[in-house]
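Peer 1: Here it is: the structure, laid out below.
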Amino acid sequence: MNDTKTTHNDFADTIREEQVRLAMRQLATMQAASFIVALVLCFIVRNQVPLPKILVWLSLILAVVVGRVHLHRRFVKIRDGSFPGKQWTNVYLALALFSGIVWGLSAFLLYPSDNMALMPFFVLVMASLAAATTVSHSSIKLAPAAWAVPAMLFYAARCVMEGGQIGVTIAFLIVVYLFTIVRYSFTHNSAITSAIALKFENLKLLEEVQTVNEKLRRDITDRKRAEVERLEMERRLLHAQKLESLGVMAGGIAHDFNNLLMAIMGNLDLTLLDLPNDCRARTCVEQAYKASRRAGELTSQMLAYSGKGHLRPSPMDLSDEVRKNAQLFRAAIERTITLEVALSSRPATVEADPGQIQQVVMNLITNASEAIGQNPGGIAITTGTMDCDEECLSRSCLDEKPPPGRFAYIEVSDTGCGMDEKTRQRLFDPFFTTKFTGRGLGMSAVMGIVRGHRGAILVESEVGWGTTVRVLFPACEPPVSAAPELPAAAASEPPMMGSVLVVDDEHGIREPCMAHVERLGFHAVGAADGEEALRLFRDNAKEFVCVLLDLTMPRMSGLAAYQELKRIRPDVPVILCSGYGEEDATNRFAGQKLAGFLHKPYTLEELKQSLTRALNAAA
């Protein structure tokens, strides 16, 4: 009994040590970034806030940075061995709490009085820091909350003190955002803890498998052959499991972040509509909106890597696609690099998503451009068709090999530095680079897109001579040219009137969406879950012209709510909204007649277009 308890405690201590290692790995970088943000804030208010207040707050920030850097330097000396994880966790939490208090004090020391125009910018900066803290420090459960709670509540208090409807509204949004991000940090911590525990359990199981295999060996020759085959199979299995786990994680994180981005972008969109063009804060909000759009592009690449991105395949000629985007590709590389395009004279037709094919080529030439660097060099894009047998396809970098047959391909070759075998094997790993860290998911997205199209990737490279990447897609017959149609009369825009039911369990998403719907001229009615939506819809079914329905909700799923809505009124248009990819989301509605799909985060214009299509189809 005591031995079991001791073993459990040892395992818990091991997990805690790994959690501290993950958190400490991000600490130095985060301090550098936060100090730069602090300097920028001080520079912005230098003419509006007394210098002593600025110096006092900067001194506190410097104390936080010095304390955390000192903690990081001490940890580096012991990180490879065993250490008291609980003590280090407590110290880490104490510094996180102190840092959160110091950043929260900026609401009183740094924020100028009677200047509500700057409040959205300050709140946006704090929200961004809270989001970054949540992502980087969630391995320690209470660390994000220790920082975010004092920091955000101080700002909420300052907004209330400023008074007025805007101040109280911003304070309310801060509290909602704080609740959401703390809740997400707990979920993220649970996933990290489970992954760490699974890692150590897998290591233990792997050791047991190796021990059993050692006992089964008989003949020396057979043992060597079996060992080679086992290791290769194990490597491929572990690699496949890693890719699958990363894909699931990437898809889940992308969904959660799309929901957060929907709340952020929705409120920023509404703020921009209310701010005058000459308002100083408008520029800050516009920059934040652009940054949010770029974050949305990153989540799209994460969905592409997970194989759950937007996939709308149609017959297309790869040569035509490259030809249409040639100027765009040239603009993406350095001027010292020449771009040659050699397109096949025969149709290279595939069933593919044009947007994702463009993304594949763009990511490949971007990677090739970085391999060449500032030196003069060349990149060549080639298209064509070829027959591939099993031997050819066995060289694919993907674990899933397509069946032999005819393939159309896009090939990108460069005169860059080339790769050795070790680097080539890691080419498609997320965030792997030989240049500098944090380059993103470009090549990983290529792998996810090609895997989603059931294709293959062949890579040839030699150090000092460059790299050639050939992406294969199953070929299909070119579409039969249809007779030209006479131009149809433009569809009239339906009247923007009537009630629209907005169903979403996230308050921070539902409210901006309702405000957008109201802006378009409709009357918006909100529901926090499927049961509330059915209750509202059942009472006034004829008044609703459309329903915006979230996919994943508590108490009643989006699919169950959809079926009940259609049972009450079969002709009501229902537009599905989700942070998951369209294919993954709509597959759950197979056989159902959805009026449209909106991928979070979406803009006011995208919402308008989707509602217009749905109402025109229902007319």
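The backbone N, Cα and C atoms fix where each Cβ goes, glycine too.
From TrEMBL, here are the annotated features:
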type: DOMAIN; residues: 252-477; note: domain 'Histidine kinase'
type: DOMAIN; residues: 499-615; note: domain 'Response regulatory'
type: MOD_RES; residues: D550; note: 4-aspartylphosphate
type: TRANSMEM; residues: 27-48; note: transmembrane segment
type: TRANSMEM; residues: 54-71; note: transmembrane segment
type: TRANSMEM; residues: 91-111; note: transmembrane segment
type: TRANSMEM; residues: 117-135; note: transmembrane segment
type: TRANSMEM; residues: 166-186; note: transmembrane segment
Peer 1: Can you work out which residues elsewhere in the same chain, 6+ from the ends of the transmembrane segment (27-48), have a Cβ less than 8 Å from its Cβ atoms?
Peer 2: 54, 57-58, 61-62, 64-65, 68-69, 71-72, 99, 103, 106, 110-112, 115, 118, 121-122, 125, 129, 132-133, 136-137
Peer 1: Please work out which recorded stretch in 91-111, 117-135, 166-186 has the most C-beta pairs separated by under 8 angstroms from the transmembrane segment (54-71)?
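Peer 2: Answer, by Cβ pair count: 91-111.
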Peer 1: Mind checking which residues of the chain, 6+ beyond the ends of the transmembrane segment (91-111), have their Cβ under 8 Å from one of its Cβ atoms?
Peer 2: 20, 23-24, 34, 41-42, 45, 49, 53-54, 56-57, 60-61, 63-64, 67-68, 71, 118-119, 122, 126, 129, 133, 137, 140, 142-144, 146-155, 157-158
Peer 1: Who are the long-range neighbours of the transmembrane segment (117-135) in its own chain, taking Cβ under 8 Å and residues 6 or more past its ends?
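Peer 2: Distant contacts of the transmembrane segment (117-135): 30, 33-34, 37, 41, 44-45, 96, 103, 106-107, 110-111, 143-144, 147-148, 151-152, 155, 159, 162, 166-167, 170, 173-174, 177-178, 181, 184-185, 188, 260, 264, 271, 279-281, 284-285, 288.
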Peer 1: DSSP helix, strand and coil counts for the domain 'Response regulatory' (499-615)?
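Peer 2: Taking the domain 'Response regulatory' (499-615) as a whole: 57 helix, 26 strand, 34 coil.
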Peer 1: Restricting to the same chain and to residues at least six past its boundaries, which positions have a Cβ under 8 Å from a Cβ of the transmembrane segment (166-186)?
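Peer 2: Residues 116, 119-120, 123, 127, 130-131, 134, 138, 141, 144-145, 148-149, 152-153, 155-157, 159-160, 256, 260, 263, 267, 506-508.
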Peer 1: Under 8 Å between C-beta atoms and at least six apart in sequence, can you list the same-chain neighbours of D550 (4-aspartylphosphate), or say none if there are none?
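Peer 2: Counting only residues 6 or more apart in sequence, the Cβ neighbours of D550 (4-aspartylphosphate) under 8 Å are V503, D504, D505, E506, I509, G558, C577, S578.
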